[in-house]
């Protein structure tokens, strides 16, 4: 399972691990390129650098998968909320304070014992920012976007998730402005847990569909 | 357009490489690229659809080897130039040479929280009734426009079932090109994997897209 670590924003050293972000010339070029762009936009009075800071700070520290995990935990704990989430996810999620950019039109899709849901955007990188924050690199990269719709079991295996052969897989390609949140199945052995403890079992990947919920330790 | 972005079903990109404890940004310029893209979006000069189309127009070899924030940055440069905010010479040099176009608004720090929490809803009321209903069998059209569309290639000329009427939304194929919002009903359409991928398809797999009404014909 991949932890969310939405609060772990002091750890920015890990950029040598993926093939999209080696210390190559292209990455260095981009540093200069974006700096030049910001410089000229500031000089023209078009950009407030403090607004850029505020946007970055919002998505690095305030909006992340903990939002979605709270939605899932509430759906597991409160059948009335779960029904509302199924019928009108945008309103149900807004009732917890999660609204706005890339969360304007939400749909919640519920895993069942027979069906597993998986979310992708084959055309770009549509993702429910309001509940999951910014998408991880793999979600935006060609390997995932190309294969999720044709070989989801192969993709899930790369996340260490092997579903039973008979489990139906439903892949949702986010081609319009609806943003999807997977509600994983509530794990066994969680009867006595409160919403906070339940939320801790819900990873970002479980809400995309590349994982299932964790079990209590 | 049949661009490099339309990736569903393509092969050869290798395994998915999830990174545990992945940070949101892998270099400081990615932070600035995100903030600049959103700040410039606030100018009100282009729509999210035009923005997506600018990304799709990045040449395939470049698109497929770029990180996503590089794709965003390259598209932003095109949009800034197209709408008169900066010339390519200014962008390359980082130095002002001409007065820019006047944006509808400039995003200030104190506006950020409000703007982000409001977002940009794109549902629009429609007087017409939806043509299709849940349970209807439909066939997607076969077209290959050079302009923006949200009907992926793998889902063209395929037969599926309408699962839900999702509401009426801005039509990106028009809106990306300044032809107006022209809202249409949007439907979730489900396809069996065999219909899309044919022989050897995973029999347990169904795939859905969200399709604007004009993408569909009754089957």
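Cβ coordinates come from backbone N, Cα and C, glycine included.
Taken straight from TrEMBL:
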- A:1-23: region 'Disordered' (REGION)
- A:1-11: compositional bias 'Basic and acidic residues' (COMPBIAS)
- A:29-211: domain 'Nitrile hydratase alpha/Thiocyanate hydrolase gamma' (DOMAIN)
- A:121, A:124, A:125, A:126: Fe(3+) binding site (BINDING)
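Within 10 Å of its Cβ, the residue among the binding-site residues A:124, A:126 with the fewest other Cβ atoms is A:124. Counting Cβ atoms from all protein chains shown, residue A:121 (Fe(3+) binding site) has 24 others lying within 10 Å of its own Cβ.
Of A:121, A:124, A:125, A:126, listed as binding-site residues, those near chain B by the criterion of a Cβ under 8 Å from one of its Cβ atoms are A:124, A:125. Across the residues of the domain 'Nitrile hydratase alpha/Thiocyanate hydrolase gamma' (A:29-211), the predicted structure has a mean pLDDT of 97.
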